[in-house]
Structures are given as C-alpha cells and as structure tokens.
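Annotated features in Swiss-Prot:
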type	residues	note
COMPBIAS	58-70	compositional bias 'Acidic residues'
MOD_RES	Tyr14	phosphotyrosine
MOD_RES	Ser60	phosphoserine
MOD_RES	Thr62	phosphothreonine
MOD_RES	Ser64	phosphoserine
MOD_RES	Ser226	phosphoserine
MOD_RES	Ser227	phosphoserine
MOD_RES	Ser233	phosphoserine
REGION	1-60	region 'Interaction with N(0)'
REGION	42-74	region 'Disordered'
REGION	49-105	region 'Interaction with the L polymerase'
REGION	109-170	region 'Oligomerization'
REGION	171-193	region 'Hinge'
REGION	245-265	region 'Interaction with the Nucleoprotein-RNA and template-binding'
SITE	Trp138	site 'Involved in oligomerization'
SITE	Thr141	site 'Involved in oligomerization'
Amino acid sequence: MDNLTKVREYLKSYSRLDQAVGEIDEIEAQRDEKSNYELFQEDGVEEHAKPSYFQAADDSDTESEPEVEDNQSLYVPDQEAEQVEGFIQGPLDDYADEEVDVVFTSDWKQPELESDEHGKTLRLTLPEGLSGEQKSQWLSTIKAVVQSAKYWNLAECTFEASGEGVIMKERQMTPDVYKVTPVMNTHPSQSEAVSDVWALSKTSMTFQPKKAGLQPLTISLDELFSSRGEFISVGGNGRMSHKEAILLGLRYKKLYNQARVKYSL
C-alpha cells in the first residue's frame with residue numbers, strides 16, 4: 001500500500017503526465033490489430049499450420065453450396081429384390097384384400113327365471129362393453145317396462161323390433177260370444193253395458209270422504225283426459241272398468257296419493 005501511495009503522489013507532481021498519456025493513445029491508435037497467432041510469428045516462433053479455428057474462418061468466405069445429388073436418378077433397382085418370395089410387382093391399388101370372417105365372442109347370458117320358497121326371480125345380465133351412461137339408460141328402460149305393467153297386460157302385448165329399438169303394442173282381444181239364457185229382471189250396470197269404457201267419459205264417479213267435513217270427490221274421465229287418444233297413450237284401454245279408468249287418470253294427473261288419503265278409493 002505504501003508503494004502504491006507513493007506512485008500516486010509522484011504522478012500528481014509529474015508535469016509531463018498529460019503529454020505521456022496522449023503519446024500512449026496515439027501509439028495504440030496507429031497499431032494494427034493482430035491475432036495472437038500473428039504476434040507469435042513476429043516474435044520468431046516457428047511457423048506451423050494454422051489452427052483449425054483459423055481455417056474455418058477462412059473457408060467460410062469461400063464456402064459454396066454443395067451439389068445436391070439426385071438420389072432417384074442414381075437408384076438402380078435390385079433385381080434380386082424382385083425375385084423375393086411374396087414380392088408383388090405393380091401399384092398397391094391392384095392388391096385385392098382377402099375377406100376374413102370375424103367372430104366376436106360374448107359371455108352374455110339370456111334372462112333366467114328362477115323359483116324358490118321365496119317366490120320367482122328374474123335375472124337379467126347387462127350387455128358387455130356399456131359405458132356408465134349406457135348402463136344407466138339400459139336400467140331405466142327395464143324399469144320403465146316393469147312399471148308399465150300397472151297399466152296394461154304385458155303378456156298380451158305384441159313385440160316388434162325396429163331400427164330404433166323395440167315397439168310394444170297392446171293386442172286388441174275380441175271377446176268371446178257365449179249363448180246364454182237371459183235372466184228376467186236383471187239390469188246390468190252402466191259400466192257393463194258398454195264395450196268401451198270411454199263411452200262413459202262424461203259420466204262422473206263419486207268417492208266418499210274418509211273424514212267428516214269433506215265434500216265427496218266427483219270426477220269424470222273428461223276432466224282427467226283431453227281425449228281418448230291421451231287416455232290410451234298412458235296405458236288405458238277400453239276393457240277397463242269405469243273405476244279403473246278414473247284411478248288411472250288420478251295417477252296420470254298425480255292426484256292419486258292425495259285423493260286416497262282423503263277419500264275411499
């Protein structure tokens with residue numbers, strides 16, 4: 001530190017400091033920039049071949065685009081390859097695919113009806129490969145078929161497969177005609193005298209209340225259904241009794257549970 005301090009003090013008192021700095025700058029400006037390799041040559045170092053990094057720089061100035069060879073023009077077909085077993089000469093479009101029979105195996109089981117001391121049990125096996133949504137739809141379909149049995153006799157329905165699924169239709173049964181001896185003074189009820197319950201659509205039926213203070217419930221098929229077609233579409237049929245048709249209408253209008261609590265159905 002003492003020597004460095006002395007040098008600084010000496011330079012402060014040196015009268016020609018500015019002139020010396022200017023001469024040094026002038027010498028540096030006139031000096032040609034040379035690489036370390038060229039400086040070594042000036043010092044008499046034995047000359048050798050330029051290093052690879054200098055040659056790469058020199059070659060970059062004279063570099064030209066390489067010639068692109070046409071591989072297709074140089075291609076010579078191998079005669080032996082054409083004689084290999086299984087080689088088919090000609091365009092691929094001429095190759096005729098062979099028809100192959102594909103067989104899909106499945107472990108699906110047909111519905112099984114079992115009987116034991118507890119009663120009958122029907123087992124339905126899910127089809128394979130169903131997604132979660134498809135499984136839910138399949139179960140909803142089975143449930144809807146079972147619930148529809150409340151409104152019609154499934155055993156009497158016709159089954160028809162279509163492109164969109166299955167169509168089940170109610171089979172219209174022709175009543176048998178029996179020869180009977182009429183009984184005098186026998187008056188059939190109004191519901192028995194008609195062949196189609198819808199003929200009583202304007203006839204009201206009355207249900208008595210379970211508790212005192214309530215008015216009887218009087219209702220007709222016309223009040224529950226807008227037309228016979230609507231009555232049939234929800235499971236009604238002409239062979240129903242008048243009361244069965246009325247109860248069907250209450251269920252259809254979602255009034256049945258409320259009515260059976262208050263009235264004797």
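Glycine is no exception: its Cβ is also placed from the backbone N, Cα and C atoms.
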Cβ neighbour count (within 10 Å, all chains shown) around Ser227 (phosphoserine): 11
Residues near Thr141 (site 'Involved in oligomerization') in space but at least six apart in sequence (CB under 8 A): none
Residue, out of the recorded positions Trp138, Ser226, Ser233, whose Cβ gathers the largest set of other Cβ atoms within 10 Å: Trp138
For the region 'Interaction with the L polymerase' (49-105), the mean pLDDT of the predicted model: 57
DSSP-derived helix, strand and coil totals, residue by residue, for the region 'Oligomerization' (109-170): 20 helix, 22 strand, 20 coil
Ser226 (phosphoserine) and Ser233 (phosphoserine), Cα-Cα, nearest whole angstrom: 11
The region 'Interaction with the Nucleoprotein-RNA and template-binding' (245-265), counted residue by residue under DSSP: helix, strand, coil: 15 helix, 1 strand, 5 coil
